[in-house]
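What follows is one structure encoded as structure tokens, with my remarks underneath.
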């Protein structure tokens, strides 16, 4: 949120505090000042940029979107300038960059103005927008100067502005009360008062609000009091819609808003002044002079201000007239009811809507506005009439007209200050300051406008103002006192007491996760964290009936809990591929969710791994190679080794996710590895192989608790290596060979390695070659040649009889 330092000073005497000191105080009291930006003072503008008067503006003969302007720049000079801005018109006074001028834009780009031909017409300069002059980011059209600006003068001398500073505040969602300049001033007042710096806070008076006549009355009716607690309105007739004065435009630009016209600008100004949203209607477009607040009918159509036709839900709250919807309440205006340049009569709305209704509607339609942002968090019901009167007074001053009806205020059930009981001793314990006095606590509460309704012994019955929707309990009161008292005033304790209630196994599991994460990171993988919600379209077909759907999802893309870790990971891969990141090695700890019966559900912890692309990166020593399924196998085996799980069983399988292997140990599934099915990759627009594994974390962890660490001496006897090149049928797998050898139970056989597979030229049709390496070693003696030959003979005979192998 942006707060203007100069604007802030209109509501509170800051006692000569500079902007940096104000930023530090705001951070101390919970309104974190993330940045301070200097604004105004005027950039250095070339003297060849002068004030011009547009004598005529005619359509360019060779271009529909260009205008041919004759511009008087003083001293009898009349320049022809081609302009593409949509708001250019005869009679305007504008900044003109003459030939030879050098401009520095708001983004830092430099422009050198030259005489040129644009679509066949000579252009002798440029009529400038604010961003082209370096004044702001605004590029919605040319900058229009006040009518009394003198033609021919250098622009720099005509637009000098005071230096302002913009404080960027990182506001937490609970602090709806501070979403305005007055709200921030209110917090500063509490702090400065506590620090004995006498100061004053003031909100501009609305005592001058006066109804002139009753010529334009509008009736108000609320159908749904649960969704709309309060609705007030007033009319101003005979207004003249036009540009806002410079002071108002500068205020809005300072907080990042683009001025539109004086009526709309006033509603935005009041919003950022006191935090209460307003909406202005063209009163002549309100059929039957009646405003009705009702729920939409299911499927009802409504065109919003952006020209988009939206289909309404029965839960959407609408502001309607006698026969049609006008506004999506608290969120966005309608296309046909807003203020335009032809508006003469204005109806102003000031309301309090239920935050839950507004939040759901805003998310349902994908809309977020300044108004909805505040309504979602809660607005001050007691500011409703003040904001309405303040806006009406400003409209009279800046747009003319008369207030033409008494304020109609529908507020059937006023929202009272909410009571909170606070025990003074507990407050002291909460904040960690035993010697803070009762008087000091009461003084801080008073500065925060929290009233003491009663005091019984050491307990205060407090009345919290309605605008502090976040203060609901004793702990919140302690927090309020602490942030004003100051965290820096709390002495750190000499001793810290804590209780250790967490089961030891929980800490072992966290340690194991940390060790696995470090292992995978060391192997080049990156940890990621995905949303547990996904789209039902991304679930494997076999898991659709097990999915758990949300009752009130934000969107279809986030409407079910994931039944597999894979879909969100594929979404992450696609996101990175779209940004030219083609090699990814990721892992994620998370949960999957299944419906076990119509009324019961299960959550399962998993570790997921995905690999795609090439590895490692190209270097002069080693070129990168495509990632294969065997990279995934190697990675999973490294994790199993970390858990000290070695006695495993592998089985080849295929399912919705793809083909691969399942691994189990002691009869429990511990891992599944897949080359992801191409049909699944197509759904995510991924055009390269992806390899995926998920490990059953709970099974792995509990199996690891059973494993005992054993220590053995370094083997004193040498290893012997023997190779066999075997010719087998193409249907024979490496696993079939190793299973056959395992059946011999040869104690001296330490390892079998496959170092070559060949199929093709010079081999009989229907055959392939496996090159196997056998590692032999005895624990009791050095193997003799005759022992080695006997072992190898047994192996070959078994492979020959069981697998049809023969020597190549």
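From the backbone N, Cα and C atoms, a Cβ is placed for every residue, glycine too.
The domain 'TRNA-binding' annotation in TrEMBL covers 43-156. Taken together, the residues of the domain 'TRNA-binding' (43-156) have an average pLDDT of 92.
The domain 'B5' annotation in TrEMBL covers 415-492.
For 470, 476, 479, 480, the entry in TrEMBL reads Mg(2+) binding site. Taken residue by residue with DSSP, residue 470 (Mg(2+) binding site) is part of neither helix nor strand, so it is coil. Around residue 470 (Mg(2+) binding site), taking its Cβ as the centre, 17 other Cβ atoms fall within 10 Å, counting all chains.
The domain 'FDX-ACB' feature in TrEMBL is assigned to 715-808.
Annotation note: residue 479 (Mg(2+) binding site) sits in a helical segment as assigned by DSSP. What surrounds the Mg(2+) site, by Cβ distance within 8 Å of the Cβ centroid and not counting 470, 476, 479, 480, is the set 468, 471, 475, 477, 478 from the same chain. According to DSSP, the secondary structure content of the domain 'B5' (415-492) in residues is 33 helix, 18 strand, 27 coil. Taking every protein chain shown into account, 476, 479, 480 are the binding-site residues, and of these the Cβ with the most other Cβ atoms within 10 Å belongs to 480.
Residue counts for the domain 'TRNA-binding' (43-156) under DSSP, split into helix (H, G, I), strand (E, B) and coil, are 5 helix, 48 strand, 61 coil.
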